[in-house]
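Notes for the one structure printed next.
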Amino acid sequence: LKPDDSMSSKSLPAQMDPVYRIPPYYYIHVLDRNTSVTRLEIGPKTFFRQDHETIVFGPDKMITLPPRHYCVIENPVVKNEDDQTQFDKNGQAKLSYGSLDVRLEKDYKEPFPLYPGEVLKQTATLLKYVAANSALRLKGVLDFDDNGEQRKAGDEWLFEGPGTYIPRKEVSVEEHIVATVIGPNQAIRLSAKKELIDRLGQRRVAGENWLIKQLGAYVPLAYETVVGIENAHVVTDKKALHLRALKTFKDDFSQTRNNGDEWLVTKEQTETYILNVYEQLVAIIDIKTLNSRQYCVILNPVSSDGKNQLGKKKLVVGDKSFFLQPNEQLEKGIQDIYILSDDEGIVVKCIESFNDEIDNVTRVPGDKWVVRGPREYIPPVQVEVLEKRKAIPLGKLINLAYFIYPLGTFLDENEGIYVRDLKTGRVRAIIGNTYMLTQDEELWEKELPVSIEEFLQRDSLSGRQTKATVTSSVQMTKRDKSKLITYRVPQNQVVQIYDYKAKNSRIIFGPELVTLGPDEHFTYINLSGSLIIHLLLATFAIMSLCAADDASISSMPAGSTKIINSKPSCLIYPLPAMCNPCKYGQPIKGVVCGQGSGACALKDGICKMNQYDKMYCCPYEHARCCPTEYSSSKCKLQCTTDAQCKSSEKCCGKFCRRCVPAIY
């Protein structure tokens, strides 16, 4: 048996002489070869070695422990209650094989030798001092009684400072732990490695997490693990926290939250907030602010019990500031209040039954109506705004190419629009007044043939020699198809209009302003040689020939024809024969023709021009002409004037006058 080799540096040189002089605080091990027993010899002494004895170790210096030191001896000798070494019957020191003995300086003030079989496992070592806010995590390797507390092998516990740790053979040091400092608005998140009772006296199970928010240093227990440091979120007047529960628990405000619940934390509750281990931060919510001229509609509003009313709506009108609760949404964002002037309105539709306190009626789903100004309007949640409308001013300045004249833009009281009723499909023309479409109306676009469109554009600018100089400077504009179509028939020209619904025609003699109804169209004539007659604009000689002879019109002059004689006075009444273009007597007195008022038509007459270009309102006459050749096999008088015939007929014939369809 030989002590640890680490002590060989303290041994004296080997001696071959049978006499051994052992200095003070030195020792040797002597083997008796007769009994095979090794004994200890301690100096100072002179040792005489016998022939049957062998020096197996030493002389070597005894072990000295400085103050606050310790050492560990393996296979220590067995001692009795009086701390005396025990020997067997052969005189061999008894050893505790496989055991360890921690020897402290306070127990071994004097140097001590190692008995045969003892091994110095750990040389003199300074005792560990554990400072404040730190600890040693210890683990039991043997069962033992720790000052009345039974420790089992595998148990772990802390030795917390400040203090000096005294090692034991039953305990191993696993880890040196430094406290975690918790600052303001901070917390540490702990996790349990096994079931334990924490420092607050609460029982924790393995895997459980919790927070420690108390300011200062915190040393985790042996079965606690620091997961991390949690910083607080600052809650302001304009920011709120949207949280979600990960499991059922009771929050910091002593309110029970179920798994999946969502809620807000605002400044009214706290200025800073540290998330619980069972809380998840969904989002940071910005405040919504409405001024006095704004409103919004909230979808799925939260009721007083904190639950979302799915499918419901809530109207919020400014001045107001609020946070959107979880699962709430703004339907169309923040909207401005509708401020309607006297010529504005909005079309609204009822989507849910309610009592309309403004009009004092009950609205049902599907109802439509127009809210007219002047007023401020905030639509209830039961109402959907379809569109905003503005009254269409009629009889105002018109910016259409075919209304433009060399001297500028004129005012026309016959300006209008085409309007279609969405319920009946009926189209009508609105003329002369400012008009706002109702909820069941829309603008209707009137289509024209391409040739008519081209003519209206061309004739309005370049069809008259007097306007040829402005053709290049005026830019063509696209026609607004919902505007009433009008055409100014020049003097000495005539235009035919056909009504497809009534299936009749009318002829307008110029100068006159023509307006097309929804079912009316200009008649377009294309003669041989592809010569386009401008909307059946014929010379006024046609009218003169019709008046001269009802029964015989065999040809149509190609150009304008005027009978130029000495011009009589056409200002006296009754008119002289040369001045009177009327077929059935004198013109209607006091009725002015050619200014677009339609006064002559109201008197059941037509405007005709004499050979001196003077216009008169002729009674009892219809527009257009008698057929070129007309004869009747049966002579029976039916009429004497056109007034006795239909509007599309004329009274024709020399002797047996009859109502026959007029021709153009």
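Positions of Cβ are set from backbone N, Cα and C atoms, glycine also.
Feature annotation from TrEMBL assigns domain 'Major vault protein repeat' to 62-121 (among others).
Residues of the same chain lying 6 or more positions beyond the ends of the domain 'Major vault protein repeat' (131-168) and with a Cβ under 8 Å from any Cβ of it are 68, 70, 72, 102, 104, 174-179, 217, 219, 221-223. Feature annotation from TrEMBL assigns domain 'Major vault protein repeat' to 131-168 (among others).
If you look up TrEMBL, you'll see 132-183 (among others) marked as repeat 'MVP'.
Look at TrEMBL and you will find 180-220 (among others) tagged as domain 'Major vault protein repeat'. Summed and averaged per residue, pLDDT over the domain 'Major vault protein repeat' (180-220) gives 94.
For 184-236 (among others), the entry in TrEMBL reads repeat 'MVP'.
What TrEMBL records for 233-274 (among others) is domain 'Major vault protein repeat'.
The feature repeat 'MVP' is assigned by TrEMBL to 237-291 (among others). Secondary structure of the repeat 'MVP' (237-291) per DSSP (helix as H, G, I; strand as E, B; remaining residues coil): 0 helix, 28 strand, 27 coil.
Marked as domain 'Major vault protein repeat' by TrEMBL: 288-334 (among others).
Feature annotation from TrEMBL assigns repeat 'MVP' to 293-341 (among others).
Positions annotated as domain 'Major vault protein repeat' by TrEMBL: 338-380 (among others).
Feature annotation from TrEMBL assigns repeat 'MVP' to 342-395 (among others).
Taken from TrEMBL, the feature domain 'Major vault protein repeat' covers 411-457 (among others).
Look at TrEMBL and you will find 485-529 (among others) tagged as domain 'Major vault protein repeat'.
Where the domain 'Major vault protein repeat' (233-274) meets the stretches 180-220, 288-334, 411-457, the count of C-beta pairs under 8 angstroms peaks at 288-334.
Cβ atoms under 8 Å from those of the domain 'Major vault protein repeat' (180-220) belong to residues 133-135, 158, 160, 226-232, 272, 274, 276-277 of the same chain, restricted to positions at least 6 beyond its ends.
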